[in-house]
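Quick notes on the structure that follows.
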């Protein structure tokens, strides 16, 4: 051993010391630490250790070893270390490494501290040595006095036999001048074994330290990715572990993982943000394109309409929509909250394809998911049921298939679920009754079958319910619908619903729209309780072929009603005069029923009637009330196909907004009012098949410059065709004129010959165009009009 007492021990870096002591249990790195630098607790531990072992076996050079005075006993168990040895470099305590326990609350390593490693005996096995570390302050004044030469203590004690104990006591009794027994020197084999062990430990320490330095930067990124993998769902991990024989990335999860692995900022992200970015990237790769072969360089079959910022490493994912979706703030939706958690994922009408991925469930803070009006296929993943913060789930107008998962019943905060215009099958799950916060449910235009569950009645907050256009939806309308007292819209049309309309619907006093049309198996009558729906604005019961009964007089209570459609049913009886109380009405459609009796004059009180007054194909009798002229906003008047009599009231000429007037196929009489010529917006005027209409054709009809169709056939009209009708051709509006089977005579104005659909009886009374008049040429036979309809020439 070389003498290095004149130079201080070289300083060791904290990093190397930490690596050396923390990775190799049982290694013993010596450090000359005087007891004066030990805390009182450490001194007591040292004293206890000395007492337990009986004596510390040390080996030091003679120059630095001092014998204890003759007859003075070694430290016994529980004895204190003498204070006069502190700071004395010649003291055995100053040059010997003693085993120490380490307090749990030791201070952190700092500059000016020296790292030491002590070995102490554990409380369990008396032969077991345990490594501990201790930071010892090393002031320069003290450091210079410490001898750098290390004296190693034997830390593994051997059990003493009774004979050895007896010999020791005997030696002490013989006299105080006898030299204490020295430890037996180690054999050469033991020395080589110890040396080889130390070399192996040091080599292993150095190897670990080397690799820790070389891979410091790369290991940080790998560690970040590894930590990111820990919280991933099992189904995602299984997909990531899937190996393709050709080495391609076939799954969006694999592409997303590759993308996030290459993120230069990955180390800066929390696990929550890594999950968020991974979920968004997976969703992107699953819907942005259809990949052939799986690699990024393969053919791209489609892409989003708007994808600004998506998958940008340098842009926060909450800003991927910053330039395109500013309207989200105006509508109350925000992409992220203040903590950077996604709240809204809205990609409606963005040309998305592919399928929905279960990784969407990793967006645990998402409140709005709107991917409507795209080309998304596949099934709805059941994992969406884990998105318990979701409030709006809008999937309509896609190509989704399969059964709507029952796990959606776990989304108890959901207030909007729209799945219409998809190809989903199965039934409406009973778990829908768990969505007690639901305000809007649209399950229309699908392939859903079966009956509607009675649990639907639990959705007392429901305001909009759309179940229409589900041809396979069967069963009865549950009476529990009467519990939906917040309902404003109930649309249950074009289904196979059977049974009667529940009287409990009369409880839905907030209802504004009730559409029950085109349910071929719906029977019974419309309940009078519907008259309690005073807020109702639209009532549609049309095309229910088995619905019978009458139009109840209680309909007059629906004073907010704007549209009443009660056509194509088995309804009988008369038109109630109470209809006149519906002054907000804009559409009245009662055609193709079995109604009879007169048209109430009270209908003239519907001053807001604008779209249509449709009463055709009934058994109505009586006259056309003159009050109809008060409907100045009316666009369409359909009274054809009845048994109406009397004349056409001149007040019809006051319908200045009229576009269509159909009064054909009745028993009308009298002349055509010239006031009709004031209807400049009129396009269709059908007066045919009224044998009682007589007189001449008013020349004023030439003023109807928008007219495209005029039917006067099968009437008793006489006189000549007014030349003013030629104006209808000059203006390029009229395309059809029917004058056959009348008593009209004379020559057809040449301008009318250009009408594509012109029909008249070619005779010695009426001729022109292709019909050669007898006063021009003598001819006989049959000719045809330009429209292809045959006209007859009866010239002898």
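Along the chain as shown, residues are numbered 1 onward.
Positions of Cβ are set from backbone N, Cα and C atoms, glycine also.
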Which stretch does TrEMBL mark as transmembrane segment, out of 169-191, 192-214, 215-237?
192-214
What mean pLDDT score does the domain 'Disease resistance R13L4/SHOC-2-like LRR' (455-568) have in the model?
97
Could you give me three numbers for the domain 'Disease resistance R13L4/SHOC-2-like LRR' (455-568), the DSSP helix, strand and coil residue counts?
24 helix, 30 strand, 60 coil
